[in-house]
Amino acid sequence: MDGTETRQRRLDSSGKPGELGLPHPLSTGGLPAASEDGALRAPESQSVAPKPLETEPSKETAWSIGLQVTMPFMFAGLGLSWAGMLLDYFQGKKLRGFSCELTRSSRGVLPESFFTIMCQVVVPILLSGLGMMMAGLVMNTIQHWPVFVEVKDLLTLVPPLVGLKGNLEMTLASRLSTAANTGQIDDPQEQHRVISSNLALIQVQATVVGLLAAVAALLLGAVSREEVDIAKVELLCASSVLTAFLAAFALGVLMVCIVIGARKLGVNPDNIATPIAASLGDLITLSILALVSSFFYRHKENQYLTPLVCLSFAALTPLWILIAKQSPPIVKILKFGWFPIILAMVISSFGGLILSKTIAKQQYKGMAIFTPVISGVGGNLVAIQTSRISTYLHMWSTPGVLPLQMKKFWPNPCSTFCTSEINSMSARVLLLLVVPGHLIFFYIIYLVEGQSVTNSQTFVVLYLLAGLIQVAILLYLAEVMVRLTWHQAQDPDNHCIPYLTGLGDLLGTGLLALCFFADWLLRSKAELGGISELASGPP
C-alpha cells in the first residue's frame, strides 16, 4: 500500500512544465483503492476541489485617475482663490490696524534697522554724556578740596572707582539684558532669583575691588615717594570700600528697574541699560567718593573709624556670597570671574596715574573736566556693542561654537564697520555718534566753565580725532574679544566689558593728555615764532 501511494505521488508531481505548482485533479472517492483495471482512485470524501487563481488587481487608466483627482483639485483651487481675494481685500485696511506686543521671535529678538538702533541709542547716549559731563564738572571742583589736595592718591583712585560702572554695573546690565531678551526673567519666581543673586554678586565684587583699588593706588603712589602715612592708607581704603559698596547698590537697583521696564515696553535693554548706567555711574561714584572721603578726613582724629568700616564690610561678604549662590551661573562667576574685573581695575589705575601726574600742570588745564567725558563715552559705546554681540551669540549659537559668519578670530576691520550684518550696522551707528556727541558736550562744558577750558580750534580737532580713534579701537577689540571669549565657552557679558571699559579709561586718559600736550606744543611754537618775528623786526 505504501509503495503504491509513493508511486502515485511521483506520478502526481510529474507532468508538463506548465502544470507545475497547480493542484492535481483527483477523482472522487475515499481512501485510495484499486479499480477493476488496477488503477488507484481516491474516495469521494477525500476529493480536493481545485484552488481558484487569485484575481489580478484592476489597472487604473489615465482617464480614471483624472476623474478621481479633478473634483477635489477644483474645490481646493476655489478655496485658495477665495483666500487670495480676502487677503487682497483686507490689504492696507483691517490688517494694518492689527498690533501686538511681540518683542521676541521664537529664535530671538526681531530684526533691527539702522534707524531703529539710532533712535534707541541716541537719547541714552546723550543723557549719559550729560551725566559724564556733570561728573567732569564735579571733579573739576573737588580736586581743590583739602582732602584731595593732601591725599594725592585719591585722584589715582578716581578712574578705578569710576570704572566700576564698567566692571560691575555695565556687566550687570548686560547680563540682565541678555536674560530679558532670551526670556529668562519672564517667570516671576525666576526673576526674583536672578535679580537677588546678581545684586548680591556685585556687592561682593564691589567690596573686594574697592579694597584692591585702594591698594593699587597706594602702590602706584609709593613709587614717587619714600614714606607711607598709615592714617592716609586707612582713609584711602575706607573711602574706596564704602564708595564702591554704595555706588554698586544704588546703580544695581537702578539697572534692575531699567531692564524690567524696557522689557515691558518692548524696547531692547541692550540699547538703553548700559548708557544709563554710564550716565549716572560717574556722577554718583564721584559724588559719593568726595563726600565719604571728606567725612573721614574731618574725623581723622578717630583712629578706630576707618578700620571699623573696612572690617564691617568684609564681615558682610559671606552673607552676599550665600545669597548669590542661589543661581548656578552666578556661582561660576564667583569662582572664575575675578580675573577680568581685577585686571580691568589695574588698567584703569594706570589711567588714574596719568591723571594724577597731569591734573595740576598748567599745560593740562581742563584735564579734570574732559577725562570723565572721553573715558566714559568710549566705555559706554563699547559696552553697548559688546552687550549686543553677546545677546546675538546667546540667541543664534551655543557657547564654544561661533556662527559661520564669525569664524575668524581676527576679522578684517572693514567687516566690523562696513557690512550689512546687524553687528556691523550697530558699530557704524555708535561710531557716527562720537563726533556729534563730543561737540555737544564740549560746547556745554565751554558755556558752563568758560575760562577753565581751552577754546583753541586745534585742540577741538585733536580732541575729536582722539575720540574717534579711541572708539574705533574699542569697537574692533570688542568684536575680537567677544569671539575669543565665546570660543572658550565663556560669557562675554562677564569677561569682555570689564577689559574694554578699563582700556577705554586708559586710552581716553592717555589720548586726552596727548591732545593737551600737542596743543600746548603748537601754541608754544606759534608764540615763539611771533616773538622771534618781533625781535627780528625793525627797531
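Glycine residues also receive a Cβ, built from the backbone N, Cα and C atoms like all the rest.
According to TrEMBL, the protein has these features:
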COMPBIAS  1-13  compositional bias 'Basic and acidic residues'
DOMAIN    158-291  domain 'SLC41A/MgtE integral membrane'
DOMAIN    371-514  domain 'SLC41A/MgtE integral membrane'
REGION    1-57  region 'Disordered'
TRANSMEM  114-139  transmembrane segment
TRANSMEM  200-223  transmembrane segment
TRANSMEM  235-262  transmembrane segment
TRANSMEM  274-297  transmembrane segment
TRANSMEM  304-324  transmembrane segment
TRANSMEM  336-355  transmembrane segment
TRANSMEM  367-386  transmembrane segment
TRANSMEM  429-448  transmembrane segment
TRANSMEM  460-477  transmembrane segment
TRANSMEM  497-522  transmembrane segment
Subject >> In contact by Cβ distance (the transmembrane segment (114-139), the transmembrane segment (429-448); 3 or more pairs under 8 Å) >> reply: yes
Subject >> Residues of the domain 'SLC41A/MgtE integral membrane' (158-291) by DSSP state, where helix covers H, G and I >> reply: 117 helix, 0 strand, 17 coil
Original post:
With pairs 6 or more apart in sequence, are the transmembrane segment (114-139) and the transmembrane segment (367-386) linked by at least 3 Cβ pairs under 8 Å?
Top reply: yes
Subject >> Same-chain residue ranges lying at least 6 outside the transmembrane segment (497-522) that approach it to Cβ under 8 Å >> reply: 159, 162-163, 165-167, 170-171, 174, 340-341, 343-348, 350-352, 354-355, 358, 363-367, 370-371, 374-379, 382-383, 386-387, 454, 456, 458-459, 462-463, 466, 469-470, 473-474, 477-478, 481
Subject >> Structural state census, the domain 'SLC41A/MgtE integral membrane' (371-514) (DSSP three-state) >> reply: 118 helix, 0 strand, 26 coil
